[in-house]
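Visitor: One structure, pasted below without further comment.
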């Protein structure tokens, strides 16, 4: 938090709160910790369906009939993404540079997770399940040879490998097996990136009121959908309820990026926000209004928490999110849940963070170091454009009769 006084003087009056833009430091905040915390909560959320805990259901289902604990965490993810990605797009990066950086952030680690699953985890699990690897490479369906290619563009067209896991809790409870049940949300995240990129291209962030209206429309449509209004009448694309469900918190983050100089950040509002979130989560209305109170509370925490250096050893949130499910599934293959809740979670947490650490330092960080890389063909094109500008003769400036030069 910036070293400002606890109140701001405006004219003869003083206010005991700040606008977001006055206190949010993009280089010193606790968003990194909160994003990790959201990913960490997803582990406990998924322990139910994967390990058979909590009656085989998500932990949050014990409280809410409207949203899972994992869904709460993902709402926080999308909110911060909306805020950070919109601010990034509002910068001076070209549309090419913007998309290049988004690709580097999402795909290398995701591809690594797919390969780690199909090359390491799945064959070991198959051997444990069948006593040999005969048939692993050429099963009747769900071949490991197609697993990477069928999923590489974030749309998960193949969830299982070689028919594994039929006797595990997830398959028994849900009728199918899934080697990475967390990654399905990534296509919605990247779709949000695409929309933000296009919005910047068409000037919607320069004219922030227009951009804000569009973001607000997504929030309102989501609320109407959860209130029972058939928004598919507007467009059949809304038949996928997850579009608006994820767009809404992302759009809320976009509003914070666009109107940070108008949004007050106050502890009393944050307290009201988290109370609203908890109340609606336990009763009804989380998807309509509660999640936005929760997101406001998260932004307040991002400013006031003294965890600015949380990522000094690396940003592990994405790695925890995409590797936790495969590792939890791997543990379930070997009967780890039978060792008890504490042992299962302790082993999974340690193993996931070790893999996330390696992913950051070996895959994600090196990939992000290429964020300013430019293809050779584009460099040549830029050089030709610069030479053309230099070779162009300066335009002749004619002095007007009223100018001092004309009268001299």
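Cβ coordinates come from backbone N, Cα and C, glycine included.
Positions annotated as domain 'Acyltransferase 3' by TrEMBL: 30-360. Feature annotation from TrEMBL assigns transmembrane segment to 36-56, 68-85, 106-127, 188-205, 212-229, 241-258, 265-282, 288-306, 318-336, 342-363. Look at TrEMBL and you will find 389-408 tagged as region 'Disordered'.
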Visitor: Taking 106-127, 212-229, 265-282, 288-306, 318-336 as candidates, which has the most Cβ pairs under 8 Å with the transmembrane segment (241-258)?
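Guide: Of the candidates 106-127, 212-229, 265-282, 288-306, 318-336, 212-229 scores highest.
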Visitor: Is the transmembrane segment (106-127) in contact with the transmembrane segment (288-306), using three or more Cβ pairs under 8 angstroms as the rule and ignoring pairs under 6 apart in sequence?
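Guide: Counting Cβ pairs under 8 Å, fewer than 3, so no.
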Visitor: Select the range from 68-85, 106-127, 212-229, 318-336, 342-363 that forms the most Cβ-Cβ pairs under 8 Å with the transmembrane segment (36-56).
Guide: 318-336
Visitor: Could you give the mean pLDDT over the domain 'Acyltransferase 3' (30-360), rounded to a whole number?
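Guide: In the predicted model, the domain 'Acyltransferase 3' (30-360) has a mean pLDDT of 94.
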Visitor: Any residues 6+ beyond the ends of the transmembrane segment (342-363) with a Cβ under 8 Å from its own?
Guide: 40, 43-44, 47, 51, 53, 108-109, 112-113, 116, 313-316, 318-320, 323-324, 327-328, 331, 336
